[in-house]
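What follows is one structure encoded as structure tokens, with my remarks underneath.
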Amino acid sequence: MMNYNKQLNIDSDIEKGLLDKEKSDIYLFSRDDGFSHPHSRSIRRLWNQLSRLQRFIIAVLFLFVILCIIVLLPWTDSSFLLGIKADMHKAQNSKQKNLVIGLELDEKVKNRIFNTGSINVEKNNVPKLQMEKVSFDGVRSSLMEKIVGAALEQKTSSQEKQKAVVDAFLHAWKGYRSYAWGHDHLKPITKTFQNWFGLGLTIVDSLDTMYIMGLEEEFTEAKEWIKEKLNFNVNKDVNFFETTIRVLGGLLSAFHLSKDSVFLEKAVDLANRLMPGFRSSSGMPYSDVNLQTGHAHPPTWGQDSTVSEISTVQLEFRDVSRLTGDPKFEAAAFKVSEHLHKLPKRDGLVPMFINAESGQFRSTSTITVGARADSYYEYLLKQWIQTGRTIDWLKEDYMQAVDGILKHLVKQSLPNKLTFVGELLSGRSYSPKMDHLVCYLPGTLALGFHYGMPSSHLKLAFDLMDTCYNMYAQTATRLSPEIAYFNLQPHGTSDIIIKSNDAHNLLRPETVESLWYLYHLTRNETYRDWGWEIFQAFEKYTKVQDGGYTSIGDVRNPLITKPRDLMESFFLAETLKYLFLLFSDNQELYSLDKYIFNSEAHLLPILKS
């Protein structure tokens with residue numbers, strides 16, 4: 001197996017733009033006809049010798065070409081020009097488009113960023129438009145029809161796709177409002193609901209999505225429910241982490257976007273009720289807390305908390321402190337990060353379990369960037385960005401962790417060399433298992449590169465994005481499984497192996513999240529194409545007629561998908577939000593220089609300190 005660290009040169013699968021490559025072979029008008037020969041008779045004399053019918057045909061063709069030029073010229077964009085950006089040279093001379101902050105990119109990475117053609121086109125079966133060598137007669141052929149059709153599609157496609165995403169949200173909301181209003185999750189097939197915490201999760205989690213999509217009526221109705229019905233004084237245990245990222249994060253984001261004080265009041269109430277979760281001997285939060293009594297405790301299945309649970313609340317609690325002026329929220333949450341910073345790690349990598357009382361890692365637990373550890377790495381970077389890039393050790397821990405990922409977890413599958421991130425079982429033995437959750441990593445790596453991390457991080461982001469797309473594209477439904485295994489055996493014929501217990505799809509957002517980050521930072525249209533393919537697969541295999549979308553049990557069989565009858569709140573909070581942003585023509589409205597997105601896709605402002 002080739003060592004990944006020796007392959008930091010950009011892969012040869014990047015298309016370089018057909019116009020530069022083949023322009024010498026493209027002739028729309030032949031230079032051997034009588035119109036161009038230096039010794040030919042005058043055009044006027046030649047014209048007079050033509051019959052009326054011939055003159056009429058030529059005139060019609062001339063008018064047709066002029067009309068095509070008029071139609072095409074104002075609508076031409078980067079993807080229509082066959083992979084070459086119209087403003088490529090301007091972009092390359094722009095610091096903003098170079099995405100460089102005190103860092104000079106090597107030429108190969110620049111080519112990857114500014115090439116709007118497909119990545120891994122042949123391997124990933126991404127359609128591409130082939131330019132043909134044509135004569136004057138070919139102008140009337142199907143090629144011209146394809147070009148005109150492509151231009152028309154480019155004029156409206158992003159707007160139409162964004163509208164389709166809004167329609168999908170409204171369809172999901174229709175089902176929730178009809179059959180699960182005020183409850184946590186919709187069960188769309190049986191037309192009932194599931195209560196996890198009893199906090200109206202779907203309503204709170206969807207607030208900023210509705211605001212961003214401009215759904216004023218739905219947003220207002222949700223706000224009224226929160227004002228009148230949302231009550232945290234309930235004698236019920238909730239998961240500390242999930243309640244923080246979904247409910248607290250959702251309320252904070254809604255406040256920052258709308259400036260309506262009702263959201264801040266509810267957020268502060270909830271934050272105070274979650275604070276007892278930090279009352280362990282070590283200060284590491286317990287996994288569960290009762291919002292009424294304040295009693296906090298480990299999970300029912302064991303004595304340990306997961307690393308992701310304790311390390312993915314800092315953005316939210318810091319924001320509460322900055323809004324209220326009360327430092328207790330930020331202090332309690334950041335103490336956790338400071339404690340984790342001091343613990344021994346394996347080249348920046350951490351085990352997935354930690355004991356809340358002792359504050360020590362369970363040394364024999366798995367090392368992964370997937371479930372139960374994923375957002376630890378995400379929040380190292382995002383805390384550094386949120387605090388104005390002023391806390392150096394957060395950046396250093398993040399960079400060390402990425403180095404550890406490259407050293408210990410990244411490999412390439414056989415036979416097609418898909419880059420993936422595996423796990424170390426019990427901290428030792430390598431497993432080629434990759435959760436769909438890991439597909440957040442390309443976006444996080446790209447975000448880090450935007451803020452000055454090395455180009456090797458962007459290289460890894462590109463390669464992992466290809467793999468995450470393939471986890472969708474290589475199934476019969478074109479939907480990803482929850483977990484994939486990657487082949488490392490020379491005799492294997494398939495890179496991706498899907499086991500029966502892992503074949504379900506939960507409508508997760510991580511892949512489309514990373515597609516948005518990479519499109520936002522590179523403007524590579526391929527990422528939009530992939531996002532549209534994924535959205536269409538959701539529409540085809542998970543949409544429920546009377547409202548809502550359902551998770552499915554088997555992505556391998558398009559005829560028997562085994563619907564699981566559940567639509568979790570993150571489908572509206574994250575999946576559809578990132579798809580909406582992906583197809584937005586205004587990529588600066590929610591710029592990564594203004595906002596940081598929490599682990600549930602809720603927007604929080606970047607601070608100066």
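Even glycines carry a Cβ here, placed using N, Cα and C.
Using a 10 Å radius centred on the Cβ of Glu242 (active site, proton donor) and all shown protein chains, the other Cβ atoms total 18. Secondary structure at Glu242 (active site, proton donor), taken from DSSP and collapsed to helix, strand or coil, is helix. As annotated by TrEMBL, active site, proton donor applies to Glu242 (among others).
Under the heading active site, TrEMBL lists Asp374 (among others). DSSP assigns Asp374 (active site) to a helical segment in the three-state reduction. Taking a C-beta cut-off of under 8 Å and a sequence gap of six or more, Asp374 (active site) has these contacts in its own chain: Ser308, Thr368, Asp435, Leu437, Val438, Tyr440, Leu441.
DSSP gives Glu482 (active site, proton donor) a coil state; it is part of no helix or strand. According to TrEMBL, the feature active site, proton donor maps to Glu482 (among others).
Marked as active site by TrEMBL: Glu510 (among others). Secondary structure from DSSP puts Glu510 (active site) in a helix. Non-local neighbourhood of Glu510 (active site): His436, Leu437, Val438, Cys439, Tyr440, Cys468, each in the same chain, at least six residues away, with C-beta under 8 Å from its C-beta.
Around Ser599 (Ca(2+) binding site), the same-chain residues at least 6 positions away in sequence with a Cβ under 8 Å from its Cβ are Ile245, Gly249, Thr312, Ser375, Glu378, Tyr379. Per TrEMBL, the feature Ca(2+) binding site maps to Ser599.
The number of other CB atoms found within 10 A of the CB of Cys439 (disulfide bond), across every protein chain shown, is 28. The feature disulfide bond is assigned by TrEMBL to Cys439-Cys468.
For 53-75, the entry in TrEMBL reads transmembrane segment.
All protein chains considered, the CB of Glu482 (active site, proton donor) has 18 other CB atoms within 10 Å. It is 19 Å from the Cα atom of Glu242 (active site, proton donor) to that of Glu482 (active site, proton donor). DSSP classifies Ser599 (Ca(2+) binding site) as coil under the three-state reduction. There are 30 other CB atoms within 10 A of the CB of Cys468 (disulfide bond), with all protein chains counted. In the three-state DSSP scheme, Cys468 (disulfide bond) falls into the helix class.
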